[in-house]
């Protein structure tokens, strides 16, 4: 199960230019976008040591290189074409300015797709300050475009862990600026404010969290009676779970493995640890490519689903010697430990598709008797004394976003859900939401889905008055009760 994090403990300060090897914080989950054409090593000067201003003389940002703004703008414009719902929301609501007066502090992956979300929030009336939720996640050219556009962005690709927390603090700690909304991915921003700026935290009107890890941390605060503001659990909305987790991973698992290893999938034996939405997507893709797929699972419901989908349910130690690829996607810790790694065959590919970088015990591989060999970006060979080697991808961090990309269209679904959650919490009348964690109302889930249907020239069937009365529904929805999930039990 999810392990409690020590939120009141700031990571030990390390050199700015050294890349953190910590596996204890969700912030160090790798997410270096393959779509970024800039590398963190192209200039050894830390952005913290630079004085940069945009063309309007504003210097309230800290990024790699403001000169990359034009290229970043083109990246954002490309992303806009595949984010129809977010653009539609921007067009429909910018006249009303539903976020007028909102001061949103955000901590997410800073990519072209996130930039479209940030610019949409701004068009709807919000003021935004942003940091990256992962030390490898930022597309430097996109951060430059945002800074040039007047956004206060504190992020660059290849931050040290000390840089990471410094950026969050700069994002939050501005004299005369009190945030009233939080948009978080992983919970680091929320808990930084909660621990370091408790008075600021009490004035927050709402929190929107999109990750498994961050949601668990919110529930921990709620259970302890320490969550003094309402929070929206976007991760468990149907539009996030079903589309981002299932369909996104169904496409991106193959992309990430191909780009890093050039592996042929046909005939390969693969074990997928976890058969939640992410695991389902991975298994479906690999099966379609001709792989022999095994599944490990702790939940009997997910396990039964795997069996009925045609996969053999096993314990990891039963197949670890024979498989060619090991994929973790449970959200848990120590799913693959040193004992498993020692027993793997020569050339076995090991990777993680879960949110956190704790699933593979990478720390156990950093011992004197093992040799690490970097063969490509985000690809390491770990070599045993007898010459056996395994292929470790992204140092056990999130494979698809570390080594390739994810479909922009899927991110449009998630980003639209986040935007609507912010609008809902910000405009909710007093008393609607108490100091607890809530799911996005089903009506909004359905609205997000409906905004994406025109892309496929899809036409919904409408209920007749008689049919609606028979089912006891409103003709315009919602069509399912709030407790109905449309998704399977999540594997943890």
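The count begins at 1 with the first shown residue.
Just so it is clear, glycine is given a Cβ too, placed from its N, Cα and C backbone atoms.
Noted in TrEMBL for the protein shown:
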REGION    1-61  region 'Disordered'
COMPBIAS  10-19  compositional bias 'Basic residues'
COMPBIAS  20-39  compositional bias 'Low complexity'
BINDING   111, 185, 210, 240, 244  substrate binding site
BINDING   276, 277, 278, 279, 280, 281, 297, 400  NAD(+) binding site
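Here the Cα atom of residue 278 (NAD(+) binding site) is found 9 Å from that of residue 244 (substrate binding site).
Cα-Cα distances to residue 277 (NAD(+) binding site) place 244 within 10 Å, out of the binding-site residues 185, 210, 244.
The distance from the Cα of residue 210 (substrate binding site) to the Cα of residue 297 (NAD(+) binding site) comes to 24 Å. In the structure as shown, the Cβ atom of residue 111 (substrate binding site) sits within 10 Å of 27 other Cβ atoms. Between the alpha carbons (Cα) of residue 400 (NAD(+) binding site) and residue 111 (substrate binding site) lies a span of roughly 14 Å.
For the pair formed by residue 111 (substrate binding site) and residue 297 (NAD(+) binding site), distance between Cα atoms is given as 33 Å, rounded to the nearest Å. Here the CA atom of residue 240 (substrate binding site) lies 13 Å from the CA atom of residue 276 (NAD(+) binding site). The CA atom of residue 297 (NAD(+) binding site) is located 21 Å away from the CA atom of residue 244 (substrate binding site).
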